[in-house]
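Written below as structure tokens is the structure these notes are about.
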Amino acid sequence: MSVSVRDALRMAGLYLLLSILWLTLSELVLQSMSEDPLALTVGRQINVVVWVLLSALLIFVSRARLLNFIGIGARLRSEDRERLRMAAAVFDSTLEGVLVTDRNGLIVHVNRAFMRITGYQQDEVIGQRPSKFKSGRHGAPFYQQIYAALNAKGEWSGEIWNRRKSGEIYPQWQTICAIRDDSGELSHYVAVFSDISAIKHTEQELAYLAHHDPLTGLPNRLLFNDRAEQALAAAQLNKRGCALLLLDLDHFQSINDGLGHTIGDQLLKLVGERLREVVGNGVTLARLGGDEFGVLAENCQQVGQAGKLAQSIIERLREPFTFDDHRLFISVSIGISLFPSDALSAEQLLRNADSALFKAKSSGRACYALYTEELTAHAQHRVETAGELRRALEQEELRVFFQPVYDLFNAKMIGVEALVRWQHPQRGLVPPGEFIPIAERTGLIAEIDAWVLRQACRQMVQWQQDGRVLAFVAVNISSRLFSQRELYRQVADVLHDTGLDPSLLELEVTESAVMEDPEVALEQLHRLRELGLTLAIDDFGTGYSSLLRLKRLPVQKLKIDQGFVAGLPFDDDDIAIVRVIIALARSMGMQVHAEGIEQAEQARFLLEQQCQLGQGYWFGRPVPAGDLHWG
Ligand code: C2E
Ligand code: MG
Ligand code: MG
């Protein structure tokens, strides 16, 4: 219930009027009723008593209303005080900075958060204009649109850069309201703002993360592509050239598999650092993923320049990486594509560099290759072949051929090497050199090698059962597979499933696969050796074997690469190399096996040098199992 002042006055007026009316009427009635002065006095006294009683009754009846009236003023004042006190507390304790100006834009009030954020004290800003805090980052049109919004809608909010007392500029999220009084006249402006520099920082961090590789801190593929596009546009304008180098660490997977991802990551980080040093400033370097890096050299006019850069990268990465207790040797293959001669778009440039990289990988790795147009055709062929190869496995188009291995001392077949072939429905018999590298790249090699191993073991068991005496069947293991830990399990399974005596199985791993990561190789070879099989190093002499390391390997046989046999018995270099390999093998108690013997003189020379085993067209080409000649 509420009683206004006007109501109260009206009530008091009515009461007075009634009182006067009562007293006047009762006086008139008394005078007309009695002439006796005593009776008149008594009557008047009774009248006053009745008036007092009536007044008391009236006051009693309306007491609630009166009390209410008197009390309400007091209550209103204390509520207002409370409300104001609360408003002030909120105003002062809020985390947002608050700034109030009068209608002329002069600051009349700021809160504590304002002082904390801006560094200004209240007395330093009262009476001043907010333009004092301008950062200089926004032009006049920016402030004009704020005033326009305030005029039109009475409110503006947005991001604004201001300057702290320290001079530092920082971003704010600010809301400004125009305050009008009851009559609609503009009275104040209130600005509420928060310091969003932390959020901005996070945003920047996020943007950085989206464009950089967290491990090496280098730009990622996204940023690399972006920069490449920009560089090409600029190069086109200035009629300059660019070179795109695509780098891939050779056999990095084996480091990851063998030593764990932590070591792999550490190595990648160090590689990133070294690359940064080699390429220097003005060259975009990026980690494109896994062990792949991209280099974009602007102002690279000639092939020679790009080649020089690639060579310096190869040499720098060849130096050992030492960290913790590890000393790792790695190599890198590089594909180069040039703008504008090879491609006009960044995307095509990358694709061409990838083709060139494949060429570098297939020509022995640890080198660079330049893009040529034929590579596109090759790349296309590769993609097609990869698809077909998958089908070939499903449709059983692969075949295992066997090539005899002879004991040169008694000129008898002592073993065979299993060599895979692809019986292509249109292309005929495809040699492994044409599809093994593709299978290695696509990962299909694991299935192929497992299949060949199984077939070879099965065939060997069959020969045993047929009474054909052979000391071993040799099976090639790809370097890709060699670095995988499951290899041991796979081989054990095949031996178990086929029932082949492990001593009749020989696994050939290439020298480069072993030397890529000798520590992993050592462990892997020991495990395989525990199965009871024989281990041979294939294509020996083509890698960069460390003789000391070779000595530690549980290997029983060295296969001299056919490249050295080809020059026998006349080429002095080949003679010297073959002699050294034979002497070396014997000194380490290993058997020596010469590949690619095509002539009788070669076989004779090798026999003279005490090389016990020989293989080559002179003795027999690889043939299906049924076509093998048993002497
Ligand atoms: P490799 O293991 O060194 O095999 C010897 C290669 O030399 C075979 O070629 C063989 O046909 C060839 N060869 C043998 N005697 C002579 C000769 O007197 N003169 C000449 N010019 N060549 C001779 P092929 O079968 O084409 O195999 C090539 C390579 O493919 C093999 O070299 C091996 O590294 C790889 N390979 C073959 N089969 C497999 C397989 O099942 N798995 C894996 N991972 N690789 C395989
Ligand atoms: Mg071989
Ligand atoms: Mg070989």
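Just so it is clear, glycine is given a Cβ too, placed from its N, Cα and C backbone atoms.
Taken verbatim from TrEMBL:
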- 12-30: transmembrane segment (TRANSMEM)
- 50-76: transmembrane segment (TRANSMEM)
- 83-128: domain 'PAS' (DOMAIN)
- 156-208: domain 'PAC' (DOMAIN)
- 240-373: domain 'GGDEF' (DOMAIN)
- 382-631: domain 'EAL' (DOMAIN)
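Between the domain 'GGDEF' (240-373) and the domain 'EAL' (382-631), three or more CB pairs separated by 6 or more residues in sequence fall under 8 Å, so the two stretches touch. Within its own chain, the transmembrane segment (12-30) is flanked in space by residues 40, 43-44, 47, 50-51, 54-55, 58, which lie at least six positions past its ends and keep a Cβ under 8 Å from the stretch.
With DSSP states grouped into helix (H, G, I), strand (E, B) and coil, the domain 'GGDEF' (240-373) comes out at 61 helix, 39 strand, 34 coil.
Per-residue pLDDT, averaged across the domain 'PAC' (156-208), gives 87.
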